[in-house]
Structure formats: C-alpha cells, structure tokens
Amino acid sequence: MRVLKFGGTSVANAERFLRVADILESNARQGQVATVLSAPAKITNHLVAMIEKTISGQDALPNISDAERIFAELLTGLAAAQPGFPLAQLKTFVDQEFAQIKHVLHGISLLGQCPDSINAALICRGEKMSIAIMAGVLEARGHNVTVIDPVEKLLAVGHYLESTVDIAESTRRIAASRIPADHMVLMAGFTAGNEKGELVVLGRNGSDYSAAVLAACLRADCCEIWTDVDGVYTCDPRQVPDARLLKSMSYQEAMELSYFGAKVLHPRTITPIAQFQIPCLIKNTGNPQAPGTLIGASRDEDELPVKGISNLNNMAMFSVSGPGMKGMVGMAARVFAAMSRARISVVLITQSSSEYSISFCVPQSDCVRAERAMQEEFYLELKEGLLEPLAVTERLAIISVVGDGMRTLRGISAKFFAALARANINIVAIAQGSSERSISVVVNNDDATTGVRVTHQMLFNTDQVIEVFVIGVGGVGGALLEQLKRQQSWLKNKHIDLRVCGVANSKALLTNVHGLNLENWQEELAQAKEPFNLGRLIRLVKEYHLLNPVIVDCTSSQAVADQYADFLREGFHVVTPNKKANTSSMDYYHQLRYAAEKSRRKFLYDTNVGAGLPVIENLQNLLNAGDELMKFSGILSGSLSYIFGKLDEGMSFSEATTLAREMGYTEPDPRDDLSGMDVARKLLILARETGRELELADIEIEPVLPAEFNAEGDVAAFMANLSQLDDLFAARVAKARDEGKVLRYVGNIDEDGVCRVKIAEVDGNDPLFKVKNGENALAFYSHYYQPLPLVLRGYGAGNDVTAAGVFADLLRTLSWKLGV
C-alpha cells in the first residue's frame, strides 16, 4: 500500500486533475494506492474570507462567485476531456454544497459570529468536493473506488480548528472497514472527527498531516507528498535561485527544517511517519519523472553534512532579566507556563550561563498577548525591581542551519557566523540544540533573505558571485566590459558568477540584476532613459538582496568620487582607476577607509598608480610586513614616458607630443598630462600609502611647460604653439646627453618626506634611465630593499592594461567568500 497526497496546486484545474488521475493509475499498477486530496488552489482561502467578511458585515459574494466559478470550470473541463465523467451528478453535488455554504453564512450573519465548530465545517468543504470529483474521474476510467470518511474513521482530540489524530484508535476503525484489495482508496485531507462524532480540522498543512496519519494507520510502504516543486531543496529556491535539490534526508533533519520554516512539510506531518518508520517521498505533480526527495530513517553517508537552511520571519523576542533570576528555582518554568496558558508557541529559547537572563522568540502576531501574559505572571517581581522591565524586540527572523553531519564536522558554525558577519548582518541571539543537528540565529527581519543567501553560498560552495556596476563606459570602462565578455567561460570554469548588473555614462543608467547582455549593452544604454542615481543602485541592492555588489568607477569625475563613502556604507565594494578620491582631502581619505572597514567592504584602487602594474598591492604588502619606505623615485606617466623617450631619439618636443596624442597616450587635451598634476596625484597616493599626512597642495610641481609659455586657447591652437618650445627642450636634452644623462619626468619622495614632481636628469646607474616608450617604472628604496631598490616596471598607460588591473581588483572582492 502506498499513500499519495496531492496539494491544492496539483488539483487546481481540469488538466492537473487528470494528471493526478494518471499518476494514481500508474502507481496502482505496482500495488494498491490510497489518495488524500486538498481543496483546489484558492478555495480554502475563499472559504476563510467568506466567514471573515460575513462576521464583519462585508460582502462575501465575490468570494462565493469566484469559488463557484473555479468548480464550474473544473467540472466543465473534466467533462470535455474525460469520457464517461458524471457531469450532471457532480454538478448537482457541488451546487448542493454551495447552497449549504450560503445557508450557513446567512446564519453567521444573523449571529454576528462564527462558532469554531461551524468554522471547521465550512473551511473543509473544498476537500470534500475534490474527493467526490476524483471519484467520478476514476470510476469513469473503470476503477473501483472506496472513499474513507475521515470524520468517521479518524478520531482526533483537541480544538475544533487544530486537532491531533489518535492513530491507534483510527487504525482500528480503518481496519474494520475491510477495504477490498482491488479498490483505489480516496480520503479528504484536513478533516477528522472528535469523540462526539463532530467534524474537526487538523490545522495548518492539515492535508499533509492527514496523509501521514493515513499512511501510519494503513502501515503503508511509503507516503508520497505530491506538490509543485521537485522535492526538498537546500533552501527556498525563491530566495536562492541555485539552491540544490536534496536526494534524501533523515526524519530528524526534515523535522528541524520544517520547524524552522521550510515550506515542503509541516513538523506534525513527520511525526506519524517517523513513529512507524514509513519512508516519505516528496514528488512534483508537474514533473513526475523527477526522483524527488526521500525522507527516511537513515541518510546516505555521502550526502552533505548540512542539508538545508531555513528561515522564520516576523518573530518577536522577549528577554527576562534581573537579579531576581539568579538562583531562583522555577523561573524558566513560570515563563513557559505563562506562554502555555496564553496558547502561544515558543519558537526559540536561549539562556545565559550566569542565569541572569532568559530570552525566547514567539510569532510577531502573538507579541501583544505574550507581553500581557508575562506582565501578569511577573507582576510582583517587576514591581519590586527583582526583574528589569521586559525587553521586547520586534521584526526579527530566525535563520537555521540543519544537518545530521553537523554533529561530526567541525567548523560549520564558524562558516555560518562568518558569512553573516561579512554581509554586515548583526546576530541578536544564538541557539543550538543538544543533538547538534541544528544551529539557529536571530537577526533583523530585513536581513533574513540576505542571510540565507550568504549562508547558502558559504556552506554549499556554489558559484561565487560578483555583481558589477560600471560607471563610465568610455576608454577604460569599455575595455573592461570587453574583457569581462571575453573571459566569461574562464570565470565559469572557476565557479565565478560575474554579472554586469549595471552600466552608466553621463547621460543614462542601464540595469539588470540578472546580468546585462554584454553583446549589445551599447545599444541598450543608448536607449536607456534613466539618469545615473546613487539611490537607485542602493534600492536595487536592497530589493534583490545582492550579495557582492561592486561599483567600478572608470570616470575621472570628482562628483562620483565624492560618493564612494556612501557606496561603501551601503554595502558596495568600490574598485576604481579614478585618482580623485584618494587625492581629495585627508579627512575624506580617512572617511573612505573607515567606511570600508566599518562596512566590511573593500576599497580597491591598484590602478590609481601604474595602471595594470601591481603597485599599490605590493607596497601595502611591504608595509604590512614591517618594511618602511626611505625614499622613492618613479616615472608615473605613460604619456610623459613616451614623450621624453622620443626626445632621447632626437624628435622635437612638439612632434613627440603630437605623436603621443595620436597614439592615444595623452588625454584629448595634452595640457592635462603636461601640467604634471596627474603625476602629482599618483605621487600623493603613494605618499599617503606610506602614512604621510599630505594634501595635494603639499606636492611641489614643476610642470613640463615653462611658466612663461602661453598655453591658452583651444587644443588646436595650443598644439600649433608647441613648436615654440622645441629649441628649449633640444638644448636641455643635449646638455643632459653631454653629461651621460637623459631627461625624465620623475616623481620623488625624499628621505625627509618631501614630495616633488619635476623634469630630472638621470644617469646610467639610475633604474629610470632606460624607461621610455610609455613604460612606467617605480623604484622603492626601503629598509628591506637597499642599496638596490625594488623596481616595478611595465606599461602604465592604455585602456587595456588599466582595464586588466581593474579586472584583477574585481576578483579580489571575492576574498570575503574565500576567507583570504
């Protein structure tokens, strides 16, 4: 005997009803089957709404009409698709049921209230009609059917609206029915009868519980719960799209997961099948070929040590504390007795080892009643000051990690807490069962989904996510997007899910949290109407619970740089080649570092100096290892490296500058390069990295252009006038050559910490002597590197090398996941 249960979505319309009948027929070929059905989707909600509206004097007719329509369409569809379907008979039956519903609602309207016994009798009508209709379908297909009346056969004790079945007595009653072996068995879910023979319902998820009870009473070989998902997942796929489908789990794991909010099974459903060691298979009505998830007495040892992550939202936490707690016997008992009398379920408990406080969580909906019960129970203690005023924290959620393997595997809790910490989620309370099968944390309600996602990513080793927003898609930004597109297969092989979720230029912002199409982002951005807005990006991160959002600023904008601290505070990493932020005031410089540290986010700017050369990271590594910079000299501009190299080769200054501009080494207006300000900014960044508290105004700058030269006018006029400087530079080059030296545009930090940017004459022993053609070279003289310096040399200009450096920084944001 197998017991199959089908939920409301599985019998929502004629097509699905017939699919259920097909599944029953297929299973019946392997042995006798018993089936428990829910009401069609939405019907129970309509019945509940009818009662509530009638009590409050509102019009329940829309709900009645909608429910009648659902059944009318169901019957019509079945009659069209199933030969021999008894349409007239069942239409009469359904009409009689709705006539009875309307009659009872009229009585409720006269009373102005609905007794629980009447409430129970109304809200289970949908299940009763489902069974009658399924019996009609199966009989039309030539099957013998026995319908078990749950009110007669299942004895339940408890409240009218939430009863518990006495399995021993119910087993005896069903056995006395002597069901023929060739009959298909049907029973309405959600319903039972009390000792008076009155109808009662089995509470939330009552149909699942009915199926488990029937399986226990029949000592079935298996209980199958057919639903609209393929089985039990490691967490809710709506929260984590890459949640894994579990092949199997133990009864205890299923109990823990369901208790803490997993939607597939209710804890009461598991108790009967676990008691009688009946395997339970979770299957998908829409995908019957899927293997599903098997819940049983033991688990495969090769399975995951952690089976799932679940969450319960909308909780409130009460904390009872005070000197009167310590050493006083029975305080905990009084707390929970008060909750019991108020009929409030306590979801989580935690107590300090000092006995000074005890905290517990209840559903938010019970908060007012719970507080009243606690105030009444401890009235005297609160009045006399033996207890501190009750602390009530609302809008909380409980996140739980569950798995039998946690008992023998070290480090699960550490990973759990580390994931939450790196997502900036504060833990309010912690609880762990003595079985070591689960550990739960209480967090803010708004953090629940993010908490589940980061925990799942940490524990189940799914693809590491980087959600990138690129601001500025010109030279460097465009090259970066091209590199990201080109490297997608490499990233996938490394299990890195790098999505470009947004691109922006000075005119528009284009976003897609699932990732933009990198083949045609230019066309989409050209059509976008939304302007760039920090608030919009922050809302996206919060609304979609993005795990690892990164702002990549490829502009040279001071306005964007001024928003970095806000980005960091809102949970973004910031990666940028833009030097403006790091060369703003020292106050803002410190703000950025504080915001990054406080938010546990990274501010990465390795491309600020040397483009793709690993300058900043190597300097930081040296300083972190205890080294100290004594002095520094470097060629920090690719454009000026190119220009001064061409002067060595005999080219005039004006020709060299024109060629550098044509080759793309300089800015569109070469005056930006020739002013020396770009080199000064880079030198300031290096100086600040070594701990020097300097402002940009503290850098001594010798521009390439002499002060007496008229550099006014547009770019064309400026370029035309450059030939006036050819003789001056030719003379300086000749003088240096006579001394065995060359001209280089150099940034220096001397041993006194003074920073200068100037045209320098360097000899053949200097590491900068041979640097030209757009190369950068940086010579660090330190305690560890002397008398020969640490030299970093390579191309330090160009969109591709800068974009490559930004790409490398992007990958460094993954260290929050890797723990490095």
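Placed from the backbone N, Cα and C atoms, the Cβ positions cover glycine too.
Features reported for this protein in Swiss-Prot:
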type	residues	note
ACT_SITE	LYS682	active site, proton donor
BINDING	VAL476, THR555, SER556, LYS579, GLY798	NADPH binding site
BINDING	VAL476, LYS507, THR555, LYS579, GLY664, GLU667, GLY798	NADP(+) binding site
BINDING	ASP606, VAL609, ALA611, LEU613	Na(+) binding site
BINDING	GLU667, ASP678	L-homoserine binding site
DOMAIN	320-394	domain 'ACT 1'
DOMAIN	401-478	domain 'ACT 2'
REGION	1-249	region 'Aspartokinase'
REGION	250-470	region 'Interface'
REGION	471-820	region 'Homoserine dehydrogenase'
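Feature map: Swiss-Prot annotations on the structure.
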| residue | record | Cβ neighbours (10 Å) |
| --- | --- | --- |
| VAL476 | NADPH binding site | 28 |
| LYS507 | NADP(+) binding site | 12 |
| SER556 | NADPH binding site | 17 |
| LYS579 | NADPH binding site | 21 |
| ASP606 | Na(+) binding site | 24 |
| ALA611 | Na(+) binding site | 25 |
| GLY664 | NADP(+) binding site | 14 |
| GLU667 | NADP(+) binding site | 15 |
| ASP678 | L-homoserine binding site | 21 |
| GLY798 | NADPH binding site | 19 |
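Of all the Cβ atoms in the protein chains shown, 25 others lie within 10 Å of the Cβ of the residue listed as 'active site, proton donor'. In the shown protein chains, 28 other C-beta atoms lie within 10 A of the C-beta of VAL609 (Na(+) binding site). Close to THR555 (NADPH binding site) in the fold, though at least 6 residues off in sequence, lie ILE471, GLY472, GLY477, ASN578, each with a CB less than 8 Å from its CB. Reduced to three states, the DSSP call for LYS682 (active site, proton donor) is helix.
Among the recorded positions listed here, namely LYS507, VAL609, ALA611, GLU667, LYS682, ALA611 has its C-alpha nearest to that of VAL476 (NADPH binding site). A sphere of 10 angstroms centred on the C-beta of LEU613 (Na(+) binding site) encloses 22 other C-beta atoms.
Confidence in the domain 'ACT 2' (401-478), given as mean pLDDT, stands at 88. The binding-site residues recorded for this entry are LYS507, SER556, GLU667, ASP678, GLY798, and the Cα of ASP678 lies nearest to that of VAL609 (Na(+) binding site). Ranked by Cα separation from SER556 (NADPH binding site), the binding-site residues ALA611, LEU613, ASP678 are led by ASP678. When the binding-site residues LYS579, GLY664, GLU667, GLY798 are compared by Cα distance to ALA611 (Na(+) binding site), the shortest distance belongs to GLY798.
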